[in-house]
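In what follows, a single structure is set out as structure tokens and then discussed.
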Amino acid sequence: MTGTLTRRVPVRSRTFSRLLDLRLLAVCLGAVAVGLVATALSVSLGEFPIPLGDVAATLVGAGSRTDEFIIVGLRLPRALVGLGCGMALGVSGLIFQTLVRNPLAAPDVIGVTGGASLTGVAILILGAPPAVLPVGAFVGAVASASLVYALAWRGGLSPYRLVLVGIALAAAFAAGTSYLLVVGDLIDVQRAAVWLVGSLNGVTWDEFWPLVVGLVVLFPATAALTRALDALSLGEESAVALGVPVQRARLGLVVVAAALAAFAVAASGPIGFVAFIAPHIARRLTGLTGASALPAAALVGGVLVMVCDLVARLVLAPIELPVGTVTAVVGAPFFLYLLYRANRPVGGG
Amino acid sequence: MSLRADGLTLGYGGDPVVADLSLELPAGAITAIVGANACGKSTLLRGLARLLAPRSGAVLLDGTELAKLGTREVARRLGLLPQSPAAPEGLTVEDLVARGRYPHQSWLQQFSRDDQDHIEWALEVTDTAGLRRRALDQLSGGQRQRAWIAMALAQDTETLLLDEPTTFLDMAHQVEVLDLLADLNREQGRTVVMVLHDLNQACRYADHLVAMDRGRIHAQGPPADVVDAAMVRAVFGLDVRIVPDPEEHTPMCVPARRRRRRSEVAPGAATGDARHEPLAPDPS
């Protein structure tokens, strides 16, 4: 991890200045390249393989009607929704991890995703029209985030209480979800079980557009809060000393991170582990800590979901696994590895 | 630039820790706040740094209440080094120091030439430039403390508040940190206000000494005027002999021997003082 020289270049005009990290830039460009390859493969591979040449032809409007249906109607929205969900989850996870100063934090750990799962399953089991599902999941995520926040608030928000309250509520939501799965009709329960793992099966442009709107609003909001996030990661006292409006900034960050997770869950169901692993991978690759790794966390998250979904589609073809099974297979060992590392006594002194 | 507490009462719920305290911190000087454990010295510093809102009274910066100034505005004039600041894992010295520029930056301007100059200067003056790409968690205690001071310096404030900057450091690193603060004060005229554990260090480095006892100021002034055996007994509950520091000729406290303390101290002189802790067994 160490020993790699981070090269940085100041970029300045009269009204604008940044310190550009070349390694971050390289990681982002690399992720974009992998993402493009993954998109191409996602669109090309499947039960009816379409050669890349025909893919290109279709995209410029010169393909056959079947190809166009498969690519533009089925595979492209699926790839793009995967990308968008992964980006949202990567950013959400990095914000939560930095804010509560705990590498094990993520929207799935602190109850946001749990609330969305509960409302989503309720909708599927109680037989509401399927079109309501994303809305219900979104409302569930936002409501549970608000509940966690309200219960953790005591004259101010302590990140530690936020995590504890979140874990407790996540358990309660999981109990509610289990109850619904036990009492539900078998066919509904099966659909709910697939949705609960997080799945991009059958995703269309209808899931894509709300997600894009969410990202277009929330990514700039995130960018506006990154400096406060970095200051907050030095602890509350240092943040106050640096002139950060601590409670306002924390509220803004929790809202943004929870909303990002909500949009992702609404589009695809709760895809596990992505919000948790993507920031770690991004930090490893860039050698950066805190908010400066955000662009990399977004791209790594997006590419991760896309690649996992490709694997989920192909590995047992013609059966399509929910993408969440693949992210869990990748994520669970990684989680254990981090737990192992976190529990090791820190040396030095 | 003046920092002043006016009838300041501070607490954490329960009884006030600092009660109706008024204090003027001399500009351009080094002030050391000393006192026994739980005398309220760190609480006072937290109040001065607006980490703790006053229950009554106010902290005034150039005559204006801190609470009425914007937090960013205060951050450009008043810096703070907390007692045991924590950095996220893997954060490099350079990135830590850069965060000190927060109150001077905007969303568009995040690395102006001015930012760069102040960061470089802070790294230089704290002798941490050579460590700039090292992660804080890989540094020794003294190096880490210097990096945090560099961050506070990059903030470029006229006044710097420090809460026990030498705690957890070995003797060489303690001297190193205090010498650095003395240099900053002398060469740049910066006002330094610090809580110190060690009375002898406070005597040596401070122009102005504030001795606190149970939430109030017991005595204040230049160390040579303030520190005598009676003050130390009242504030620390310890019998000492005061001798001149052989290096600086500032007052130096030498604790009396245990046997002499028993026989020579008049009975009752120090009784009824709850802060008298049982004498520790022989350290050897």
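Including glycine, each Cβ sits where the backbone N, Cα and C put it.
Annotated features in TrEMBL:
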{"type": "TRANSMEM", "residues": "A:20-43", "note": "transmembrane segment"}
{"type": "TRANSMEM", "residues": "A:79-96", "note": "transmembrane segment"}
{"type": "TRANSMEM", "residues": "A:108-126", "note": "transmembrane segment"}
{"type": "TRANSMEM", "residues": "A:132-153", "note": "transmembrane segment"}
{"type": "TRANSMEM", "residues": "A:160-182", "note": "transmembrane segment"}
{"type": "TRANSMEM", "residues": "A:251-278", "note": "transmembrane segment"}
{"type": "TRANSMEM", "residues": "A:290-312", "note": "transmembrane segment"}
{"type": "TRANSMEM", "residues": "A:319-340", "note": "transmembrane segment"}
With a Cβ cut-off under 8 Å, give me the same-chain residues at least six positions beyond the ends of the transmembrane segment (A:108-126) that come close to it.
96, 100, 132-133, 136-141, 143-145, 147-148, 162-163, 165-170, 173-174, 176-177, 180-181, 183-185, 188-189, 191-192, 195-196, 258, 261-262, 265-266, 269-270, 272-273, 275-276
Same-chain residue ranges lying at least 6 outside the transmembrane segment (A:132-153) that approach it to Cβ under 8 Å:
107, 110-120, 122-124, 161-162, 164-166, 169, 173, 195, 207, 210, 251, 254-255, 258-259, 261-263, 265-267, 269
Please figure out which one of A:79-96, A:160-182, A:319-340 racks up the most CB pairs under 8 Å against the transmembrane segment (A:251-278).
A:79-96
Are there residues at least six beyond either end of the transmembrane segment (A:319-340) with Cβ under 8 Å to its Cβ atoms? List them, or say none.
82, 103-104, 194, 196-201, 268-274, 276-277, 280, 304-305, 308-309, 311-313
